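Feature annotations, reproduced from Swiss-Prot:
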- Arg40, Arg46: NADP(+) binding site (BINDING)
- Arg129, Ser130, Ser131, Gln257, Ala258, Gly302, Lys317, Pro318, Ile319, Ser320, Ser321, Arg343: FMN binding site (BINDING)
Amino acid sequence: MIQYVTAGESHGPALSAIVDGMPAGVPLTDEAINHQLARRQQGYGRGGRMKIETDKAEVLSGIRFGKTIGSPIAMVIRNRDWQNWTTTMAQFEQPQEAIPAITVPRPGHADLAGCIKYGFEDIRPVIERSSARETAARVAAGACAKLFLKALGIEIGSIVTAIGSAKEEMPQQELAAMLAHGAEAVATQADQSPVRMLSKSAETAAIAAIDEAKANGDTVGGIVDVFITGVPLGFGSYVQHNRRLDADLAAALLSIQAIKGVEIGTAFDNACKYGSQVHDEFIFSESGELTRPTNRAGGIEGSMSSGQVIHLRAAMKPISSLISPLQSFDIASMEPIPSRFERSDTCAVPAAGVVAEAVVAPVIANALLAKLGGDHFSEIHERLEAYRAYLANRLQRKS
């Protein structure tokens, strides 16, 4: 089972990630991992931090000659901004001068609950670890799982479908045609847009929404769609709650900072219709191949993959740090006071899509390993090809 942990503070020396459980023999390159980190840093509406950092993963263990060796993969991403925080974020040395404590929590952030939970008089430690800067380490970890899956013919990609009131307008038929070439083809096209949207009209409206929010000292959220192609039928299980693929994917997406809602397929629209209008029928083609003309279930039925494209949506709330502050209070004096501003983005929805790709990758990889087993890439690949051949034969109508 692939598991990972991250460590590090937003303005500490570095972020780190350890990925455990990766099979041996998986081809990985530092260029591919760093490409994912670069994708995370893109996007219109980002703040000053992205002008400072150029994220690169330094691999410390678990890879030899471009292939995994079955031991934990350890990676470090240096924080270039650390040089400006060596006193404020010193690990051991006591500052010669008192550093003012941060005592005003931001509405919508982890500040208040984290400060009370862990007994801090200063909110700074909460800010440092709850920051979305941590997602850089998760993107590096998820990149390893993404590359493992890609080598097996499974691709993960994302697009932005809404920023504020700006909505993606690309016809579903056109999107489906792109997905026929794999999820990465869609993501690659989205990456050409500063807001990772596919249509020019939606891009223009999204940029205008971000500009308006910035001019007003505000922030704006949005929606990202994640697609996973190449997943065969039968990953996941209905047998126990903790083996349900949809539950694991939703949990992974909700673990991302500021993601507050998840949809699988057209779930919320489905909820307002009759069953006869919702469920995806089984239709045999003239050649006897089993087909599904629709995919309203989003590629998951009974908590298992259906063999169709897995389609997930994640709703990202507007970022909590506002230049125009909301009302708050001082936890030291308990007096009302406007909230404070911590350097932040106006919009990070484009980056959220890249993070979403990263966090769902280990979920799919683990579902694959649970189904097929294997400690080395070659045996896993062989078993997957045999399973795909079995499915093709099993689901073919005999004449």
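Cβ atoms are placed via backbone N, Cα and C, with glycine included.
Across the structure, Ala258 (FMN binding site) and Arg46 (NADP(+) binding site) place their CA atoms 15 angstrom apart.
Cα-Cα distance from Arg40 (NADP(+) binding site) to Ser131 (FMN binding site): 15 Å (rounded to the nearest whole number).
One residue stands out among the binding-site residues Arg40, Arg46, Arg129, Lys317 for having the most other Cβ atoms within 10 Å of its Cβ: Arg40. Across the fold, the C-alpha of Ile319 (FMN binding site) and the C-alpha of Arg46 (NADP(+) binding site) stand 11 Å from each other. Of all the Cβ atoms in the protein chains shown, 21 others lie within 10 Å of the Cβ of Ser321 (FMN binding site). Counting only the Cα atoms, the space from Ser131 (FMN binding site) to Arg46 (NADP(+) binding site) is about 14 angstrom. Between the CA atoms of Ser321 (FMN binding site) and Arg46 (NADP(+) binding site) there is a gap of 13 Å, rounded to the nearest whole number. Here the Cα atom of Arg129 (FMN binding site) is found 19 Å from that of Arg46 (NADP(+) binding site). According to DSSP, Lys317 (FMN binding site) sits in a coil region rather than a helix or strand.
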